[in-house]
Structure formats: C-alpha cells, structure tokens
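Peer 1: The structure's right below; bear with me while I get my questions together.
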Amino acid sequence: MAESLKGCSVCCKSSWNQLQDLCRLAKLSCPALGISKRNLYDFEVEYLCDYKKIREQEYYLVKWRGYPDSESTWEPRQNLKCVRILKQFHKDLERELLRRHHRSKPPRHLDPSLANYLVQKAKQRRALRRWEQELNAKRSHLGRITVENEVDLDGPPRAFVYINEYRVGEGITLNQVAVGCECQDCLWAPAGGCCPGASLHKFAYNDQGQVRLRAGLPIYECNSRCRCGYDCPNRVVQKGIRYDLCIFRTDDGRGWGVRTLEKIRKNSFVMEYVGEIITSEEAERRGQIYDRQGATYLFDLDYVEDVYTVDAAYYGNISHFVNHSCDPNLQVYNVFIDNLDERLPRIAFFATRTIRAGEELTFDYNMQVDPVDMESTRMDSNFGLAGLPGSPKKRVRIECKCGTESCRKYLF
C-alpha cells in the first residue's frame, strides 16, 4: 500500500501565509516555508484597531496576522513599517470624522464606536480584497476586476458565483454548430458572406472590431469550425472582456455598480450578460420568489420567441452588478457563435458612445427598439436590483435613481 502511494500528493487546505503563521505561533523554523531563525519573530501587521496620542507620540493598536485579537499590542508609530496600512487607516479615520463631526483632525483618543468602525472597515477591506482575488482567479477574460467600497460596511455579496459563460439549466441543451466558414479573409474576402452571410445577415464589425449594425439586428461571429484563426476580425464577443473594470459601491442608494478604468470607444464590445439559462416556466417560479425578496436578475431571451431566460442572481459575471439608466452608455445585441439556436442567443453589451475612464457603465433595464424590428431583446419586466421594493402579488412601480435628464422616474 505504501509503495503505491509514492509520488502522490494532495492539495493543502491552508494557504502559504497561514502555514507561515502556524510556524511562528509554534515557534518552529521551516526552510521550505521560508521561516528561519532570522525571521521567526518577524511579525506582520494585519490591520490597525485604534489610535491615541500621548504628548506628541502617536500609538496604534495593532492586530498581528496569525494571532488572536487578545494578542494585539499598542505600538509607537516609529515601530511600524506598514506605510500602506497606515495611510489607509488615517484616510478612513479622517473620512469618518468628517461624516460624524465635520472635522478631519484626529483627537488624542478615539471614541470606542469610532475605533470599532475602523476595525470593521479594515475587516471589510480584507474581505473585499479576498473577493477581488477570487474574481480574478475565476475570470477567463483579459480585463482585470477591482473592487471598492468607500460608502458603507457592506462586504462581498453572499451566494454569488462568478462564471464566464452560460450555465445551462436542467433539460436545456446548447447544440454545437456543425459547419464553419472557409474564408481566407473574413472581412475583406468573405466566402459566401462568411458566417453572417450563411445565416442571411450582414457582417457586424469594421476593421477596428466596432459593431456597425443597428441595435436589434443579430451578430453572427465565426465559430470553432471555421477555417480562420483567433485574430479573425469576426471574433469579438468570444474574446471576452478586455477592459479593466471596477465593481464599486454607489453613494446614492443604488447598491453596487460597475465603472470602467479605461477609455472605451463608441460601438466597442464591453461585456456579455451571463447566468443560468432556465425555461420561462422556471423563470416565472423564481420570479415570484425574487419578488418577495425584492431582488431579481432575469433577462428574457426573446429574440424569436420567449422560451428561455437568463438568471444571473446567483451565477453570473460582472454584468450582474451593472446598474440601470434611462440614458445608458451600453446597448444590447443578440450574438450567435457556436450555438445557432435562435431561441438561445448570447447577450452582448456594446458602447453607445465613447465612455471615459472612471465613468459608470449602465444599460436600460426597460430597453425598447424599433417596434417594426422583430429581432429585439428586452429585459424581463421582473428585472431589478437587490434591495429594490417589490410585491409577489401586485407589481409596484419602482422609482428610478439614475439621475439623468431623460429619467423616466420609474424603472417599469
């Protein structure tokens, strides 16, 4: 038995840092973990809990990484080398002092409630940083994700799993395309109109990868059966998000939002709306539950008929956090790539105008396109953000908080 186990390995359930902390707690050297007699008694600041000033000397109550709260100690500032943590502590302290007392200069001793707030804020930052790392570990796209909350003490959403593509529900099948194009150059020399032409539609992009079709018309991209390669100009949505984006807490009661950290050119692809694909019957059942909770993320796939719905409540990507606006900077398009079932399009967001770095990304939850255009996609009437009021029996009008000049005052 022992012979058969040679060469086997198992994953450790503790992180590298946690193992180092265990060594220091037990006062054990471990060269494999980088713990030697020289650094065995090196301590790392996890966060700062309190502040006081005695005469002209500043002191901080330090929570040490790997040690319980009871082992926290008061340390003079000159003993601390954690510049980033010190700066963040004072930034949080000054912001809260301004909010509470309309002044930013710290007192010689902090009120216990203020000290407790700073501890909760430090713990929140650590939780958000771990969540940010988790999101980036799971993403398959080029664009990085950052997370910020400078508004309240809310941490990562519970029971939300980041996914990069549709999660197919029970009884639903995504059939793979059987054929692809034979083009030498899909943009300039398309054979038989390339993949769009094979479906009797127009080529969607220009040579910069910007959509040139009007909203409501479908996009047919090259697929896994096509002769062309990854750099084909008709492969845009399938390459995923390429902009660095930030999930941030809004300061006007709209919950989480998303802003771009880079400039986005007009008509450029920004992101897909992904989640669980469920039947309309299942969507109706879930919608009644979500109504009672005051939160729902249902998106009808009604390109040709209303058979399926995307539910991003618990499984989704960064689009889960994009807010509504009556004057949005994102527009929805139906996209077909490896699955050509018109009842199951992929939902892609493109920029309606140039979007500046730092600007929030939004789309209209109650989208409308030209009524003569039957190839439309609209949000389900149940769509809403977490925390919005709702009723399982009688739909209430939800007040819009987008704040734009063209605001309709109500989402639905």
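Backbone N, Cα and C define each Cβ position, glycine as well.
Keep in mind it's a predicted model, so treat the numbers as computed, not measured.
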Peer 1: Which one, CYS186, CYS246, is listed by Swiss-Prot in the same Zn(2+) 3 site as CYS222, CYS228, CYS232?
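Peer 2: Looking at CYS186, CYS246, the one Swiss-Prot places in the Zn(2+) 3 site next to CYS222, CYS228, CYS232 is CYS186.
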Peer 1: Cα-Cα separation of LYS266 (N6-acetyllysine) and CYS181 (Zn(2+) 2 binding site), in Å?
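Peer 2: With the alpha carbons as reference points, the distance is 28 Å.
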Peer 1: I'm checking region-level scores; what's the whole-number mean pLDDT for the domain 'Chromo' (43-101)?
Peer 2: 94
Peer 1: Other residues with Cβ within 8 Å of the Cβ centroid of CYS181, CYS195, CYS222, CYS226 at the Zn(2+) 2 site?
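Peer 2: Close Cβ neighbours, site residues excluded: GLY180, CYS183, CYS186, CYS194, GLU221, ASN223, ARG225, ARG227, CYS228, CYS232, ASN234.
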Peer 1: Of the residues in the domain 'Pre-SET' (179-240), how many are helix, strand and coil by DSSP?
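Peer 2: Secondary-structure breakdown of the domain 'Pre-SET' (179-240): 11 helix, 6 strand, 45 coil.
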